[in-house]
């Protein structure tokens, strides 16, 4: 074993919330509540806050009305107040820090920053925990609220995937400043086309994919977790019957090995649903899995199931108006 082993950084604990932008706010709310079983926990101005029934925090999703679909921001929780201060120092050194805000519904003061590609992010420690109403309390004491009796309810927030003009640069930024660890990666003759990184034993809390037009700051998808593959078939049946577009029906990824499906919410954002956890990483000396792009189609993207459409590789939000070329 090398004596130069780099001590891991455990200052970021988890993906805590994501803000989506939607030009059809109320229709987006219907999708997430009526069909995915999420609960509205607050409204403020032109924003609505939601959570899944096994999310312990006040909210994990904020949807804000906007002219275009896309990403508002990504929120990370630090592992301690001291960890927050350490990460802020590194973010300030990077030149991409934007400064402190007092907080938002569901969390305390936060330090805002951007990725090199311009995705808005923030990191904080103080959070508000969800407090169920009496009728929502469950006898299952390790669950924060009852399983909803509507739709096919998702259980918790899982991960975010962002499109970027330079996946390699954004990946290294997250590794260097926040302590993320590289789990899997797609390369094409040395060029990085996609990275899956995490701060926990999950395969990823965030991924970066190549934006084919070199456009910056795009969202590829937001993912919520079921943990049971059959739930994906139940949801697909429900959504098709109610005329929601399913881009990729229930399927198994090669990269991450997760059972998945992709749909579009009414505002235009791609939403992924996970039917299981894929695989977990507990090895402290994990070597990243490197895929060559030529080996990805039919193996890395889909291991079991239908071939992924070109739109999965090309389309992010906001939607580009340029002609796109598959990476």
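Keep in mind that glycine also has a Cβ here, set from the backbone N, Cα and C atoms.
Record features (Swiss-Prot):
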BINDING   159, 221, 272  Fe cation binding site
DOMAIN    14-126  domain 'VOC 1'
DOMAIN    156-276  domain 'VOC 2'
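A strand conformation is recorded for residue 221 (Fe cation binding site) in the three-state DSSP classification. Apart from 159, 221, 272, the Fe cation site neighbourhood in this chain, defined by C-beta within 8 angstroms of the site C-beta centre, holds 158, 160, 161, 207, 220, 222, 223, 262, 270, 271, 274. DSSP assigns residue 159 (Fe cation binding site) to a strand in the three-state reduction. With a cut-off of 8 Å between CB atoms and residues at least 6 apart in sequence, the same chain places 160, 161, 262, 269, 270, 271, 272 near residue 221 (Fe cation binding site), listed in sequence order.
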